[in-house]
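A.B. asks: Below: one structure in structure tokens.
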Amino acid sequence: MVYLLIDIIFGIFNGLVHATSGLELEPPSDEPYLSTSLQDFWGRRWNLMVTYLLRHTIYKPARSIFDKMLGSMWAPLAAVLAAFTVSGLMHELVFYYVTRVSPTWEVTWYFVLHGACVVVEFGVKRVFSGKAQLHWAVSTPLTVGFVVATGMWLFFPPVLRTGAVEKAIEEFKVLLDFAKVLREVSSFW
């Protein structure tokens, strides 16, 4: 559902940008429903612009700092946790600005949990590298199922409790009306 909503919103913005400037925007995701691991989902398939931003503003600097403190073996894992924690805090901030409701921290815990699971997944892959590996027909539903189940548990309840969906729909209607006005103005010229 979220993927569909993001794709629709992206399609509208891409259409607006293309109509006004002729530029094509990068897609926000790369078939996240085909993810075979949490590393694959968060690192290569979901919300690619934010992934890129977090990689360069949080992960890499944190890894450099943790490398000196923890050594090169543990630094990447601590940096992953830092990036996921910052992502959770930023989501809480955005939700606060949209809803004006104090955070419950469930959304932050969603991202901290996923960061911890990415770290565990990394360790499991290191232990079993070259040995047994789950077939994609097993790992894909497990990955997507985990993302959806934890989202239903921690991510969506605070959003639904605050009425953010209704507010977003109203704002989306305003955006569509604005797009119609822009289209009329651009056809006038």
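From the backbone N, Cα and C atoms, a Cβ is placed for every residue, glycine too.
Copying in the features that TrEMBL gives for the protein in this structure:
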type: DOMAIN; residues: 29-112; note: domain 'Wax synthase'
type: SIGNAL; residues: 1-19; note: signal peptide
type: TRANSMEM; residues: 73-95; note: transmembrane segment
type: TRANSMEM; residues: 107-124; note: transmembrane segment
type: TRANSMEM; residues: 136-156; note: transmembrane segment
A.B. asks: Using a Cβ cut-off of under 8 Å, list the residues of the same chain at least 6 residues beyond the transmembrane segment (136-156) that approach it.
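C.D. replies: Those are 2, 32-38, 40-41, 106-107, 109-110, 113-114, 117, in sequence order.
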A.B. asks: How many helix, strand and coil residues does the domain 'Wax synthase' (29-112) contain under DSSP?
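C.D. replies: Final tally across the stretch: 66 helix, 0 strand, 18 coil.
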A.B. asks: Compute the average pLDDT of the predicted model within the domain 'Wax synthase' (29-112).
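C.D. replies: Averaged over the domain 'Wax synthase' (29-112), the predicted model reaches a pLDDT of 95.
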